[in-house]
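Asks: Handing you a structure now.
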Amino acid sequence: MAKGVLVDITKCIGCKACQVSCKQWNDLPAKIPEFVDGLTGPPDMDGDTYTVVKFKVVEMAGEYKIRSAKKQCMHCQHPACVSACFAKALEKDPKTGAVIYHPHLCVGCRYCMLACPFDIPKYEWEKTFPLIAKCQFCFDPQDKYDRLSYGKPPACVDTCITGALVYGERDELLKEAWNRINSDPSYIKKVLGEKEAGGTSWLYISDVPFEDFGFRPNLGTRPLPEYSHDFLKYTPIIAVGWGTLLTVLYHYTKRREQVASESDNKDVHL
């Protein structure tokens, strides 16, 4: 069964231990962060940062409170990035549900960046031969940074001290999410990731609007690859049609040239 992570925004204290553990486990270089909105730093994910904690000051019951939410690859159930990658550099692992990136197959076309509804894959602009970078869910087919295959949670989850991140079977996490929502009226009546874009492995519950953290509210529930399939299924027909048309035009043009040449030869003989 597919794995997942439940993110309870009400329990996150914004300590950023998840950011640090992600860099340590994946051997990513540390940087002096550029802060935005006071506490968010770096501003977003990049080639050396697979996850970032976003902060938001909200007014609740006449008081101002800070809410924070971890963002990373959502590991979609039907990933648009995988369907967009003609180089097969992205694949979805059927056992864990992780969307895995294979850098050695990547050609740097950035189609995955355009396809992703969550704006996750980032380009390595600072490198001479740039590729893309993203969270691997601590799953590694090369076994160098693999945790999931050994029954361990992702490094970020393992580091969380407040229980804001819970790792487990996706179906069980959905039950837990709705149990919390139904038992506490302060939660928004929604599990982000349950149905968005066909569903994701990372699930969020919150007492403040998800849009406050940059999540798009209008993704719909249909898996995005189905949209491209509806269009691309006509590609063979279009290709054959264009091929036939161009062939006809070629022979028509050649015939006109032949007739013109024969006419010129007759004029010369006359």
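The backbone N, Cα and C atoms fix where each Cβ goes, and this holds for glycine too.
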Asks: Quick check on the annotation: TrEMBL has Cys73, Cys76, Cys81 binding [4Fe-4S] cluster 3, so which of Cys22, Cys109, Cys116 does it put in that site too?
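Replies: The record-listed residue among the candidates is Cys116.
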Asks: Cys22, Cys135, Cys138 bind [4Fe-4S] cluster 2 in TrEMBL, but which of Cys12, Cys156, Cys160 does that record place at the same site?
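Replies: TrEMBL names Cys156 for this [4Fe-4S] cluster 2 site.
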Asks: Cβ under 8 Å, sequence separation of at least 6 from the ends of the domain '4Fe-4S ferredoxin-type' (3-34): give me the contacting residues as numbers and ranges.
Replies: 41-43, 48-53, 55, 66-70, 72, 75, 96-98, 135-138, 145, 147-148, 153-170, 173, 176-177, 180, 186-187, 201-208, 213
Asks: Work out how many Å separate Cys73 ([4Fe-4S] cluster 3 binding site) and Cys85 ([4Fe-4S] cluster 4 binding site) at their Cα atoms, rounded off.
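Replies: Rounded to a whole number, the Cα-Cα distance is 16 Å.
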Asks: In terms of DSSP three-state secondary structure, what is the assignment for Cys76 ([4Fe-4S] cluster 3 binding site)?
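Replies: It is in a strand.
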Asks: Quick check: of the binding-site residues listed here (Cys22, Cys85, Cys109, Cys112), which one has the Cα closest to that of Cys160 ([4Fe-4S] cluster 1 binding site)?
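Replies: Out of the listed candidates, the nearest Cα belongs to Cys22.
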Asks: For Cys12 ([4Fe-4S] cluster 1 binding site), what residues in its own chain, 6 or more apart in sequence, show a Cβ-Cβ distance under 8 Å?
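Replies: The list for Cys12 ([4Fe-4S] cluster 1 binding site) reads Val53, Arg67, Ser68, Ala69, Lys70, Thr162, Ala164, given in order along the sequence.
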Asks: As a test of the contact definition, list every same-chain residue at least 6 positions from Cys106 ([4Fe-4S] cluster 4 binding site) whose Cβ is closer than 8 Å to its Cβ.
Replies: Ala87, Ala89, Leu131, Ile132
